[in-house]
Each structure stands twice: as C-alpha cells, then as structure tokens.
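Chemist: Take this structure, written in structure tokens, and hold onto it; I'll ask about it next.
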C-alpha cells in the first residue's frame, strides 16, 4: 500500500512540475511576439509612406524630363537656324572683304596722287555698286544649295527623317546606301535620280537576289565655261550587300541537310526530309523529354529563341535541355546528364570529374561545342586553326562549369571562340585525353611501319583507355572526320593532327623536360593521324547505348539515324590483317596476338559501357534502334 501511494505521489509531482514548466514563459513569449508584430507593422507603414513619396518624385522627374526633351528639341532647331545664319554671314563677310581688297588695290595702284577720282575709278566703283545685289543674290542662291546639303548631312540636326527628297540636277553626288536605310521602303533606295528609269534597268530575279543587292547611281554633270550646252552622264550599277562571315555560317542548318550537302560535295548519304541533329543518333543515348508549362521565360537551346510565359516546352530529365516542341529533333545528341558538382578548380580536374556515370561518358561541354561547330562552322575557313577571343572563352567556360543551365552557344558570334573553348577544356585537364599511362603505347603504335600492325596496336591502346576517355575520344574523332571531309574548312587530316596533337596526346609525364617536349611534338601528330584513319564504324560503336529505364512515351528519336558522313574504306579489316604462312614470317611476333585481342574486343558479346542490364540487347539489327512515338 505504501508503495502504491509513493508511486501516485511521484506521478503527481511530475505532473505538477510539467504544468509549471508549461505555464512558465508563455506570457512573456506572446508579449514579445506581439511587440514584433507591432514593429513589423510600423516598418511596413514607413515603407508604404516612402513608396508613395518616391512615386511622387518619379512623377516629378518624368515631368521634368518631358519638359527638357521639348527644350532640347527647340534648342536643336535653334542651333540649325544659327548655323545657317552664320554660314550666310561668313559668305557676306568674304564678299565684303573681296570688295575692300579691290578698292585697296585700285587706290594703291593710283600713282597720280590726286584727291579726285578719275573716270575709270568712278566707273569701277559704280560697277561694284551695281554688281553687289546681283552677286549677293547669286551668292545667296549658291549658299542656299550648300545649306541644304549641310542640313541633310549635319549630325546635330534634329529632324533626320529624310523621307522626301527634291530632285535637283544641280546636286551632284555619289551616295551609297547605309545598312539602316536598306530596311526602309524601296522608294528611298534611289538617291541621284527618279526611281522610274532605275527600276527598268534591274533584272527580274528571285526575292533572294533582290534582297542581296543595292542600287548605286552616279551622275556626272559637265558645265562648260564658255556657256555651251550642259552634258550629264548617269551610270547605275548593283552592288551586293556586305555580309558578315557569321551570317554565312550561322544558318542553323544541320549537317545532313540537302542544301549543305550540295555545297560541300561530300560522299552520298541517306536523304531525309525531316530536320535532324548535327550527327546521327542511331544507338545513341536519347533525350528523356517531359512537357511542362513555362512559368519563368527560358531560352530554347536549338533555336536560341525565348519560350514565353504560359507556353508549352520540353525539358530533358537528364541533361536539362529545354526546347520548343517543334525543335525537339534538333537537340544535341548524345544526351549527357547534368553533373551535381564540378571540380574545385574550373577545367583542371580529371576527365572523369566532368562526366556522369551513365553511358556514353562524355563531358557536356564537349557535346555542346561539337554540335554548335557542326551546325554553323563547317563552312568556316581555318576551323580550329584560328584562335578566338580569350575573354569570350573564359566566360563560356565559367558558364558551362559553374552555372546549372546550358549556355546558348548559338548567340556567340565568333565560331572560333567555341573551337578555342573545346581545345582549352581538353588542354587544361590534369591528365590528357590519352592518359599518361598509355601515352607511350599510342606513340609506339603510330610509329609502327607496318600499317596492319600499327592499326592493331592502336585498337589495343584505345581498348585500354578508361571509359570516359574512350567515349570522349570516339565522339571527338567522329567530329574531326567530318571537319576533315568538309572542303570549305581547308583543314585536312594533317592540319587537324598538328592542332590536336599537343591537346589530346600531350606527354607521358605532367612536367616534361625540354628535350622530351621537342621529341614528343614530332610524334604527337602521327598519333592523331592514325586515330583519324580508323573507320567511322569503329568509333560509332562507342556511341551506342542501351536505352534502359526510359519511358518510351518520352523518347524522341531523330529519323536521320544513319546519316553520318562515310569514311573512305581502309585497306585493313577491323579484325586485323589476313595473314598467310609466308606472310607471317615477315611479321613481328606480336602481330598475331594484337590482332587476336582486337578480334576478341570487337565480338558482339562484348558488353558496352558496362551496362547494368542482365539480358543482352541485340544492337546489330538494321534500321532504327528505338521506336519513335510522338510526344502528346
């Protein structure tokens, strides 16, 4: 019984303590909360008063600005009037000075010393007096013409419409249309003559031809001194507009468009009517698009235009690329998932730090640069040889590696800056693309005199690369093969090898000595040339990926699945050279083993990119690899 009473008392004491704890401090806290609300109310009231005061000040400033604009207009008109008055006054002053000079000469030449004027002097003075009004009128007439030209060409003039021009044969000048005036009505494109005769001289052509020409009319007027007839000769010629190089290349046409093919005269490929991405996507990792309604305006990556509020847009779940529904087929491929973080120092990490864990393992900056270069750079002379602006390259690199969204490379005017960005990224990696460990293997494979053994050794070295390096190298080689096949760039395999040799091959150690650097500089281009000589089918296999865990309703596939440029056939099989007993006597002992290794790496049972799926998917069938349902 005592134990029960003791337990009940303990429970009662605990309840009392808890009630005291709960009752303590509540009033103080509520009072403090009320005081805080009162402080915020007062601040809100003060802010409201200040807002009203600033609105009044803004209205006063707008009124003052309007008044000052009116005053400025009147001041400009007054300045024009004063300029004309000054010109007339200067002309009158010059005339009076000439008359005074004539009178001075007349008086100084008089040697008689007589105070009275002779008859000749009186007649001369009378002539000057009579000729003054006529000369003044003539001078005013000439000056009025000069004033008209001056008012039209004056930079300080307020009225600059120039919409009405009076045709005057006395105005002789050669005038070329400015860029601003080309966009106005056609009636203003004729300056030195009526528009009627000029229109007859123009040949009837397409709208494109008319839009690329301007009319320049030259009129020469000859006025004889003896009062003979006045002769006028007019010539009319068409001059093409000056265009920037970016407008020639920035048409945003894909690589496999018909118009681009006709101009480049490349090897034949599959023709399609739909617009595709700059490279094929057969077997590539495709975008996993989801539709959303735009709340905050965003920019479409393929076309660069803004997607306005309330419009429907598509966004990839992996790489966060945003596009219009009609631009989905032009999004860059392959789809590279966006990284959560970047290395501490921009651009100075390992290549694996810039790629995701899904295949193909290619840095996003490489994919976007290559796609933009192939869209509008394959007609640019000296691609990758001409350097871009260092400041632009640095800013783009910051945006790619620091900002979560993808910067719009289509808004970069200089395509060489994008090329420099790609080279700068690959050059500033802590380890080159071909790695320090395999540097010597690649150089030794490139220097093998026998072509079959050299290619087999190159296959072996590529197969030993880390997956990120191998995938990036394959993507880059496919791109450089396209650049080499374009005749407009004037960058063949040898030139590209000289440019990319130090960038992707580099050296076997981080800080080589000068002697090693000189030796490697001669060997690096050979490695790139040998890599570019490998067939396109070999590099394309690394771009193929099994589409796992992707909703088929979201898959958007390009119809141009097999439209990449064809690489010329080489003289060696992918599985190594065909040998005979006599031929094997001339080979090195390692050639057969290298060929056997290449043969084993190219079998169809080899897993691609370390796929996590348990069942192998047949990627060797013909046609498209994935279904292409339309997005609803």
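Cβ coordinates are placed from backbone N, Cα and C, and glycine is handled just like the others.
Not my notes, these are from Swiss-Prot:
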COMPBIAS  590-603  compositional bias 'Low complexity'
CROSSLNK  248  SUMO2 cross-link
CROSSLNK  404  SUMO2 cross-link
DOMAIN    349-539  domain 'Rho-GAP'
MOD_RES   149  phosphoserine
MOD_RES   154  phosphoserine
MOD_RES   157  phosphoserine
MOD_RES   161  phosphothreonine
MOD_RES   164  phosphoserine
MOD_RES   170  phosphoserine
MOD_RES   203  phosphoserine
MOD_RES   206  phosphoserine
MOD_RES   214  phosphoserine
MOD_RES   249  phosphothreonine
MOD_RES   257  phosphoserine
MOD_RES   260  phosphothreonine
MOD_RES   342  phosphothreonine
MOD_RES   387  phosphoserine
MOD_RES   410  phosphoserine
MOD_RES   567  phosphothreonine
MOD_RES   580  phosphothreonine
MOD_RES   588  phosphothreonine
MOD_RES   600  phosphoserine
MOD_RES   601  phosphothreonine
MOD_RES   606  phosphothreonine
REGION    106-285  region 'Interaction with SLC26A8'
Chemist: Using all protein chains shown, find which of the modified residues 387, 410 scores highest when you count other CB atoms within 10 A of its CB.
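Modeler: Highest number of other Cβ atoms within 10 Å: 410.
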Chemist: Summarise the model confidence on the region 'Interaction with SLC26A8' (106-285) as a single mean pLDDT, whole number.
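Modeler: Averaging the confidence scores along the region 'Interaction with SLC26A8' (106-285) gives 46.
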Chemist: Do you know offhand how many angstrom separate residue 410 (phosphoserine) and residue 387 (phosphoserine) by C-alpha?
Modeler: 18
